[in-house]
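Per TrEMBL, these features apply:
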COMPBIAS  278-303  compositional bias 'Basic and acidic residues'
DOMAIN    16-518  domain 'Major facilitator superfamily (MFS) profile'
REGION    278-311  region 'Disordered'
TRANSMEM  12-32  transmembrane segment
TRANSMEM  82-102  transmembrane segment
TRANSMEM  114-137  transmembrane segment
TRANSMEM  143-160  transmembrane segment
TRANSMEM  172-193  transmembrane segment
TRANSMEM  199-220  transmembrane segment
TRANSMEM  337-361  transmembrane segment
TRANSMEM  373-394  transmembrane segment
TRANSMEM  401-422  transmembrane segment
TRANSMEM  428-451  transmembrane segment
TRANSMEM  463-483  transmembrane segment
TRANSMEM  495-514  transmembrane segment
Amino acid sequence: MATGALKDITPYFVYLLLTATIGPLLFGYHLAELNAPQEVITCQKDSVSGNAISRFYSAIGSALRPASADGLLPHCIEMSSLQFGLVSSFFTLGGFIGALSGGPITAKYGRLRAMIVSGILAAIGPAFEALATNIGFLTAGRFIAGLGAGAATVIVPIYISEIAPPHQKGYFGSFTQVMINVGILTTQLLGLFLSRGQLWRIILGVGGAIAVVQVAALILGGQESPKWLVDNGKPSRAKRTLLKLRGHQANVEEEVTGWGLESERDANDEEETLLANEDRMHEHPDKGPDYDEQPDINRDEHGKRRSRVGRAGQRVENFTKTIGFLAVLQNSDYRPAVIAVVMIMVGQQLCGINSIVMYGVSLLSDLLEANSAVLNVAVAGLNLVVTLAAAPLVDKLGRKACLLFSIAGMGVNSVLLAVGIMKGLAPLSAIAVLLFVASFGLGLGPIPFILSSELVGAEAVGATQSWALAANWIATFVVAQFFPLVNEKLGKGQIYFIFAGFAVIFGLFTAWWVPETKGKRDADEVWGRGKRRERED
């Protein structure tokens, strides 16, 4: 980013950004945490590390393992590939439920409280995982961790879009995917060194420790979104929060106007109106909300009620009009956006990324032996680097162009990966995996998390995001549950032809249906509804 683009970035904004995105980090962490130690957890091997790494860390491993651990907890938990798929996919089932509930909770109770709740769940789940003695405990821990991660993937993108400077929403929106990749890289690194003996329990437990840090940071220094505050009748507090985010010398009038408030006076007037309305309701509980003691002042010559303070009065009426989970499908203005984000979220998974994130080590173990774990660390690192490097392109090239380039790259490299695995060509397989993941980081990774907040108005963002993430989690569940089985039945590698076919389908859908949101002021402009609104007015 250019230096001028950093003028609105304060240390407090960075603190909130990093604290909030620990939620997506934990999503990535738990998504990949079973990848490297899979064969150790399921009693197939005692270690998946290369000989040199194994010898180097044997002393550290002995120090980290409690002396009494052997008597308290089993070294491993015997599982078939089907059972292991079930344990992996229960994380996505919890994520699905968390995603469905995340939208309504964040709309009603605010972004900050919702993030704290999701963080608490993300701390409880890993405790079950790390201390698991059987499949049931391990599955329960994965499910609870999924609840927290699923809610976070709904809440955090909305929160970032509401605290980020207006002209860098795309850039900072990409940090959701960036932090997912940080989580994946972290767990792959730990897996490389700790996938031996009982040390896999440390990998699972670290996720809980990270969640505890997030909850503490949110409670001690967290801040509610200014947009949520103004939409819930607290505009003065919202403006104070915005000044704290941008710096007290910043000119925030343009953002305040974007909320539908013309000035600080407008904000104060609105808050006074809310308080006055509330007082009258307490004084005359039998009269209802339209009761007014001064009809000659507050009604026009036709007897119709006047707005008490112009635009502020309108905001009083509008801030409660949050669109529900089912209502967004019934409304013709919101339905195209829901279809767009749901399909893109499903495409994110059915193009095959989590086959590498969750099963890459075992998938490539026959070709690369011990180096498959090292390759997965390289894959996670590359994914992080590409997502960071490509983040500015989202605002420069546009969301749609990045999506199309990304999907095309994944489709081509799916074919190359299929050929590499089937023919036993280790170099081709390794290169295809790296390019496959790099293509994902270019667009299909970060952009789906941004679209929900750009394709609909603020009143429908929570519901739309819930639909999008629920679809994403269902697709993730399908890949997590059935990839090992289908890959085994078809023969290793052939499933990537199926992923390539999905890339063609979702690429065509994106080109036909998904609008460009770059540089558009609001959802009406994105969908070309501005002129229609003017005619209606």
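Keep in mind that glycine also has a Cβ here, set from the backbone N, Cα and C atoms.
These figures come from a predicted structure and were not determined experimentally.
Only residues 6 or more beyond the boundaries of the transmembrane segment (172-193), in the same chain, are considered here, and those with a CB under 8 A from a CB of the stretch are 17, 21-22, 24-33, 35-37, 48-49, 53, 57, 60, 153, 156-157, 160-161, 164-165, 202-203, 206-207, 357, 361, 373-374, 376-377, 379-381, 383-384, 387-388, 390-391, 394, 441, 445-447, 449-450, 453. When Cβ distances are compared across the two stretches, the transmembrane segment (114-137) makes no contact with the transmembrane segment (463-483), since fewer than 3 pairs at least 6 residues apart fall below 8 angstroms. Contact check: the transmembrane segment (337-361) against the transmembrane segment (12-32) gives at least three Cβ pairs closer than 8 Å, residues 6 or more apart, which meets the contact criterion.
Just going by CB pairs under 8 A, the stretch in 199-220, 401-422, 495-514 that sits most against the transmembrane segment (12-32) is 199-220. Under 8 Å from some Cβ of the transmembrane segment (401-422) lie the Cβ atoms of residues 344, 347, 351-353, 363-364, 367, 390, 393-394, 428-433, 435-436, 438-445, 447, 491-497, 499-500, 503-504, 506-507, 510-511, 514, 516, all in the same chain and six or more residues away from its ends. Tertiary proximity for the transmembrane segment (495-514) is limited to same-chain residues at least six positions away from its ends with a CB under 8 Å from its CB atoms, namely 336, 339-340, 343-344, 346-347, 350-352, 355, 399-400, 403-404, 407-408, 410-412, 414-415, 417-418, 421, 451, 483, 486-487. Cβ atoms under 8 Å from those of the transmembrane segment (82-102) belong to residues 27, 30-31, 34, 38, 41-42, 114, 118, 121, 125, 135, 138-139, 142-155, 325, 358, 465-466, 469-470, 472-474, 476-477, 480-485 of the same chain, restricted to positions at least 6 beyond its ends.
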